[in-house]
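As recorded in TrEMBL, the features of this protein are as follows:
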{"type": "BINDING", "residues": "Ala28, Gly29, Ala30, Gly31, Ser32, Gly33, Lys34, Thr35", "note": "ATP binding site"}
{"type": "DOMAIN", "residues": "7-292", "note": "domain 'UvrD-like helicase ATP-binding'"}
{"type": "DOMAIN", "residues": "293-569", "note": "domain 'UvrD-like helicase C-terminal'"}
Amino acid sequence: MEENYLEILNPPQREAVLKTEGPTMIIAGAGSGKTRVLTYRIAHLLKEKNVDPFSILSLTFTNKAAKEMRHRIEELVGTDARNLWMGTFHSVFSRILRSEADKLGYPSHFTIYDSDDSKSLIKNIVKYYGLDDKLYKPNVVLNRISSAKNRLVSWQEYTNNPIYLADDTENGKPEMGKIYKEYVKRCFKADAMDFDDLLFNTNVLFRDHVDVLNKYQQRFKYVMVDEFQDTNISQYLITKKLAAVRRNICVVGDDAQSIYAFRGADIQNILNFEKDYPELNIIKLEQNYRSSKTIVGAANSIIGKNKNQLRKSVWTDNDEGSLIDLIKATTDNEEGKLVASAIFESKNQDHYHNSDFAILYRTNSQSRALEEALRRNNIKYKIVGGLSFYQRKEIKDILGYVRFSVNQNDEQALRRIINTPKRGIGAASVEKLIVAAAENNADLWTALENATQILGGRAASAVNDFVTMIKSFKLTVAKKDAFEAASHIAKNSGLLKELYDDKTIEGRNRYENVQELLNGIKEFVDNPESEDKSMASFLQEIALLTDADNDKDEDKDYVTLMTIHSSKGLEFKNVFVVGMEEDLFPSQMMISSRQDLEEERRLFYVAITRAEKKLYMSYALTRYRFGRLKTCEPSRFLEEIDKDFLKMNLKFSAPSSPAGDYAKNFIGNTTQPVRKPVNQAVVHKPSADFKPSNTSKLAEGDKVEHPKFGFGKVTKIEIQGANKKAHITFEKAGEKTLLLSFAKLRIL
Ligand code: ATP
Ligand code: MG
């Protein structure tokens, strides 16, 4: 091995790499090397234990993470790494489902419906049953179905068990079970699986076909799972079944970073793991290698507020680092400007590249103001996630043709393309064809082929032409590689011409996007790593791209903008967490209980722990949300950070502030007390009846109590702009300067 990896690791990390047999669980804080341990463990199995790469299964949270891990292992052990089974749950098990599809009554070329397809199918079903579409919103229905599937509740169980009906009736949606049933039926008829089916059906496959399960149990001698805290029960059961014979399973995760409970992830899996494997080897990693002491300290002070957690201590040997900059802006646009100029300034001063910065936000819609400011300052940026390339209309249209040429039962693809470009086949005609197919127990394609009997007239002849065209595409797809097939389809479907004829700027953009798609397909075909160069194989690859995988730029030097959810597992030198406002973060929509608040807090912990060197947080006093200007309050999470780690920006920038003025906007906390070592904060047990007082009348000489610093006396009040600061000498904690809008003080 070109690198002696065992020497680089600390003792518990080394133990985790060396102990390859039997069940192992590593639950450890952010940045403690969990992912690195998994990587080295696989390298070790390949190189030192001569394990066949085909017998190692490693599950990651994004495809990008899998790619990076594979790349790293290749550096360590060579091209053997290419043969590892590595990817997201969805991509690995869709591959297995394809080769076993016949056991479930599916063809191996089944289509994967994305959430748009699923929602539009639900919309059709709601209409078909004449239900109220305001009540049965596609989003709501899909979530309900999805959560049932992720708990392995089939439609049969759902409709038979009165609990679900009672629950749905109470929510005013008693027909949910009926929709679930029809949805499953239609997907099956369309030879399609949605995302949740990929896991649900894998469970069914392993439950009903012991021989198949046996085969994979023998194949996968080692099973590994990263980000274990975010697996749902359906995923958990798959790994449990696969590892049942050899029991060589290693899971790594951090309960403090569990952020997908709203999608069915279950921390309970961590607790169950101990029960399922009594011989379990538990390894703790406590040293953080990623972040400065300040960042680790701030993260610890936040997560300590959660009641529901496995206590662990995280520390670091890294430098103290700079304090967290807190940026206060009057508006969301000004927030964008201040962030852009902070990046500009830091690049100049510390010689950072764009790629050393990430801006993280709670919701995608926050990116607009930031993008505008970055563009103005000529700072290259890239939004990861959001409306991905493959979700654009023109791309979906072309792919719709491609999908339908591969699978003629794909109802959602058919609906998309049958009249795009316009060829005189209206929605009513399509509906008639679908109903006719259902009534005659025939598939959709047969109905299309018999359009003359079903529709008659002009519509029928248009459908006949369409059928002839698709037949020729079908042949092309079967005979040619993905690139040749896609080029043929783009040209002969009439789509490319329609876009070419549109000379508006948007039209040009769309045309270029289609060219870009074709480039991407060419790249796929030319890549020596793609074994199967068919269109079906390309479709499979792109159907499973996650938000965080949307990253195919050649030039890598850009600032990354993404939601905190997408940032999991990643690290950046400098991180901005923007929009630190009540109702936005924590999100108003998400917090209806203490548990939800704790999930938001874990999300905040994930955000903070992405940073290596420096962390910035910002909030605006007003923000446009849902089309209205709203005044905002700083997030409660800001108050929860130990003030020792914060530096305040106490001055507003002038609205015309040019880039580069960032430093002037910072006054900083000049009377910063002597820093305490991380993890040894003064602990004061507040009086039982502790209630913060209104501090607007606080004056010099007043005696106060602070929940953490204890008792003290105000020595000076300082007013700066809209902010009031108090200098307080605490009996135990010493001199502190507190911002009164934040500090929780009780006047005695
Ligand atoms: P997260 O919880 O965010 O997923 P993690 O526990 O998976 O974090 P890694 O990403 O594996 O942590 O490691 C964090 C950083 O620390 C990486 O840059 C990694 O290379 C580095 N690192 C881990 N262990 C060591 C070590 N023993 N010596 C030096 N650097 C290390
Ligand atoms: Mg990790």
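Cβ from N, Cα, C; glycine included.
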(request) Would you list the other residues of this chain near ATP - those whose C-beta lies within 8 angstroms of the C-beta centroid of Ala28, Gly29, Ala30, Gly31, Ser32, Gly33, Lys34, Thr35 - in sequence order? (result) Asp254, Leu285, Asn288, Tyr289, Arg290
(request) Tell me, roughly as an integer, the mean pLDDT over the domain 'UvrD-like helicase ATP-binding' (7-292). (result) 94
(message) Just to verify: the residue among Gly29, Gly31, Gly33 with the fewest other Cβ atoms within 10 Å, which of the binding-site residues is it?
(response) Gly33
(request) Using DSSP reduced to three states, classify Lys34 (ATP binding site) as helix, strand or coil. (result) helix
(request) Give me the non-local Cβ neighbours of Ala30 (ATP binding site): same chain, 6+ apart in sequence, Cβ-Cβ under 8 Å, ordered along the sequence. (result) Asp254, Ala256, Gln257, Asn288, Arg290, Ser291, Ala299, Val314, Tyr605, Val606, Thr609
(message) As a check: which entries in Ala30, Lys34, Thr35, the binding-site residues, place their Cβ less than 6 Å from an atom of ligand 2?
(response) Lys34, Thr35
(message) A 10 Å Cβ contact count, applied to the binding-site residues Ser32, Thr35: which residue has the minimum?
(response) Thr35
(request) Would you count the other C-beta atoms found within 10 angstroms of the C-beta of Ala28 (ATP binding site) for me? (result) 27
(request) Would you count the other CB atoms within 10 A of the CB of Lys34 (ATP binding site), including those on all shown protein chains? (result) 25
